[in-house]
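J.: Handing you this structure, nothing more for now.
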Amino acid sequence: MSERANYLARVHTGVCSVLLALCLVPFIARFYTRTRPVMRLGWDDFFIAVGFALVITDFTLLQFEMALQPGPISIPTVTHAVKLAYLAIPIWVAAMTSIKISVVLTLLRIPVNRIWTFSLYFIAALQVTYFIGNFAFSFAQCRPLAAVWDPVLAADPTSHCLGASATRITSNVSSGVNTATDLALSLAPMVVLWKLRRPMRERILVCALMAVGLLASASSLVKAVIIQEWGNPDVDGWALAESIATWTVVEQELAVIAACSPSLKGPLQRFLGKLGILLTRYDSRVSFMTRPDNTTLATAGGVEMGQEKPVYFRAGESDGDGKGETDETEVELGLGSGSGSGSRKS
């Protein structure tokens, strides 16, 4: 094992372990906000859970090819590491597909128009098609498949493998599909959310959280450039494999963070509020007092706002969809006779 291979192995272990720990923060925040105060789990949460489990599996499989200390390495150890690293390829594709399907299902919650809905379904179909094609290529690259990692079978004249050029072509296609879908799933929601009638600071925060997906696109492009050296006899093959493994895991982990980071909006907003940085404006002249029937009455200067139709807020009141949910970023107000049956307005 070369010194460069050992160095890249230490970089891989350090960087990917830290990113994996960071993934837990938005991942846990996502499921916390989806289960409290009421259960709101959906298929998008199921797919992100599956995707995150596959990311952890991929990271574990690739760790076997990381030689942290210099020195010789036995042929059986190399064979075992290459076998696990190759099997990690279809797991990587399955992880990215699950994560992107989760993002698509989340974005389908935003009712924009038919073009928006059709585009999201098209991205999902493209990703699933790519998953099937890559999965088929992975198990058809060599006949028998074990020739990929077994040097004895690889030297057998009856074995047949597609070669390094096929791997590079597949990598270029993979990079194109991943980059296109990453950009679409990152930029399109930012454009839509930017047009919403929300405070500027709030829109900037949400767009910044969703922009993490662009880093995943950059990781995919870097990996595609590195893979072009695959099969070059003048390049340290083991060090190159470790570098590819690093960018593969980084891409997956950034994708998880991007898919779950919008769930950090509420906690970040409360944290910034404690620092005196408010993302939403409010009228300091308006105060709220609680009536005996558990209705909070809005007043301005001690006078009820609207003598005939006062503004009220009822804790735990439905926001119109019957789920009894309220957005943490705004106060839901209703106009009515005080019985809670009037129209709603924020």
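Here the Cβ of each residue, glycine as well, is placed from N, Cα and C on the backbone.
Found this in TrEMBL, in case it helps:
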COMPBIAS  316-326  compositional bias 'Basic and acidic residues'
COMPBIAS  335-346  compositional bias 'Gly residues'
DOMAIN    29-270  domain 'Rhodopsin'
REGION    313-346  region 'Disordered'
TRANSMEM  12-33  transmembrane segment
TRANSMEM  45-64  transmembrane segment
TRANSMEM  84-108  transmembrane segment
TRANSMEM  120-140  transmembrane segment
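Could you place the listed features in the three-dimensional structure?
T.: Within the same chain, residues 41, 45, 48, 52, 55-56, 59, 62-63, 66, 68, 242, 245-246, 249-250, 253-254, 256-257, 260-261, 263-264, 266-267 sit at least 6 positions outside the transmembrane segment (12-33) and bring their C-beta atoms closer than 8 Å to a C-beta of that stretch.
Beyond its flanks by at least six residues, the transmembrane segment (120-140) meets 86, 89-90, 93-94, 96-97, 100-101, 104, 107-108, 162, 166, 170, 173-174, 177, 181, 184-185 of its own chain at Cβ-Cβ distances under 8 Å.
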